[in-house]
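A.B. asks: Attaching a single structure in structure tokens format; questions to follow.
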Amino acid sequence: MSENYRAPIVVVVGHVDVGKTLLLDKIRNTMVAYREPGMITQHIGLSYLPWPIIEKYAAPVIERYRLKGKVWVKGFLMVDTPGHAAFSNLRRRGGSVADLAILVIDLTRGFEEQTYESLILLKSRNIPFVVAANKVDRIYGWKPIPNASILDSYNAQDEETQGRLEEALANIIMDFNKQGFEAERFDRITDFSRQVPIVPTSAVTGEGIPDLLVLMAGLTQRLVKDRLRLVGGPGKGVVMEVKEEKGLGTTMDVVLYDGVMRKGDTIVAMGLNGPVVTRIRMMVMPKPLDEMRDPEDKYMHINEVEAAAGVKVIADGLDDVVPGSSVYVVQGDPKPYIDEVVKDAASVKIETDQIGVVAKADTLGTLEAMVLYLRSQGIPVRKADIGPVTRRDIIDASVVRRKNPLYGVVLAFNVKVPKEVEEEAKVQLVTIFQNNILYRLVEEFTKWFNEEKSRLIESELSKYVRPGKIAIIPGYVFRRSDPAIVGVEVLGGLIKPGYRLVKANGKEVGVIMQIQDKGKPIQVAKKGMSVAISIEGNVIVGRHIKEGDVLYVNVPLEHAVKLIMQYKDHLSSDEVEVLEEFMKLRSTWKAQAQ
């Protein structure tokens, strides 16, 4: 059965500090302890875990579910680097090279920022995933049983400890429900195609890891079988990383997911400045651990590699290649392959005339993930491209800034901003946001956006007379006229110097000259404040106005219409109430005048 199928590629994702690396290390190290010589093979960026080793390690779980002899999965190719960047680069148009994901969630903390980010990415790339609810050993009162099935460990705990675990799981299940997913503890799942299985694990004690690996084999056979069928022919892969290696020059780490790649083959990948067509001079893979005598001499040369595999490719012109790009082995005319990589890159890059931010990222994969996340947060994108921030990006952002200052910015994810570009940004008044963690970058921008929006709206609102309602406080008449000085309570809205006051019957009272609070002049008094005001105009307290009278700010009609039609959402609820009350009074004055 397994002959025409490759091993599934598995990626580990989740929030920072949830134990992704520790979990991966625990799985790998435990496997090493069970291995026979030559069984575990190290790839570039991937570790191959053969099923026979898993079978030994997870024997009690396999026995419990009577799976002996029923699993045809060869093993798992685990992506060595956990997290978003690696997962983002495991991309191909319309999906992912990863077949399965482990979403690690801290059992004691539940959903966190990057949990949501991971879910958006998994959903968009349509990848089945299993949840490792990690740090079960941190549950108060938990008595660990190293490397045991989580069900055996669970049954060995007292009732109170079991209850604490159930409560933590219930919170995670609730978080999934809020995101539109149905989730359940793995042994209670009734439909794996609809429900998300959760396995409590500990990267420290190894508990739950046997269940996790057996569950992954089951999901592979049930949900991703067709993805694993090998078509054969010329190799197809994705570029994970491009880096300088001592003694080798610029190298390209490739995950080959179909076909064959040979030394001497012509390959096509996408570069920063267009397609790169080159010939493979050399391919290397890591030596088996037991053959690695010298850290400097860690690679073995290979002439041919079959999918699925992780391989380091050495060729000319690789400096320009973009991680996350597709890579194809050329057979015959290279043009169709060139068209394909161009089309692939174009599906990620964006250039429009619309109002939106300029997004820059270091790889095609991270750019794709970035645009996806920005859109999920309701942030429009005008331009998305790879590489350091350039002067051209600043000009593009400044064009947007002139139309909408809130979106005329550059978001730089994991890329450099040259000094001269920073200077240009200062001249053009363009703000650059820079961070290596996507959600923090978006968080910084959103915080600035909201503050800037409030500032701009306040600046716009300052052009209009705002609604206000005051009552003259009995016993607080300091001067009867020329100007009248009285103590007032602001019943709703606000008052400012220069605002005209009217009575409820429409009679003009005068203009507020000054507002004082505890003897000091202030520029604005809001609802709930008691202040002294001086009123200029032909007004005498006791004749034109009396103690206890309610007065209104006389909002000009065009201001009132603008405030209601355009800025209602930005006024406080008491301002809206006073404005509506004032408009009703105003309509009665009009009727009386007729």
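Note: Cβ is positioned from N, Cα and C throughout, glycine not excepted.
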A.B. asks: From the ranges 134-137, 242-245, 362-365, 542-545, pick the one that Swiss-Prot records as region 'G4'.
C.D. replies: 134-137
A.B. asks: Labelled region 'G1' by Swiss-Prot, one stretch among 14-21, 110-117. Can you tell me which?
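C.D. replies: Within the set 14-21, 110-117, Swiss-Prot attaches region 'G1' to 14-21.
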A.B. asks: From the ranges 24-28, 39-43, 289-293, 494-498, pick the one that Swiss-Prot records as region 'G2'.
C.D. replies: 39-43
A.B. asks: Under Swiss-Prot, the annotation region 'G3' belongs to which of these stretches: 80-83, 232-235?
C.D. replies: 80-83
A.B. asks: For the region 'G3' (80-83), give the DSSP counts of helix residues, strand residues and coil residues.
C.D. replies: 0 helix, 0 strand, 4 coil
A.B. asks: Tell me, how many other CB atoms lie within 10 A of the CB of Lys20 (GTP binding site), whichever protein chain they belong to?
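C.D. replies: Here the count is 23.
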A.B. asks: Three states by DSSP: which one describes Val136 (GTP binding site)?
C.D. replies: helix
A.B. asks: With DSSP, how much of the region 'G1' (14-21) is helix, how much strand and how much coil, in residues?
C.D. replies: 2 helix, 1 strand, 5 coil
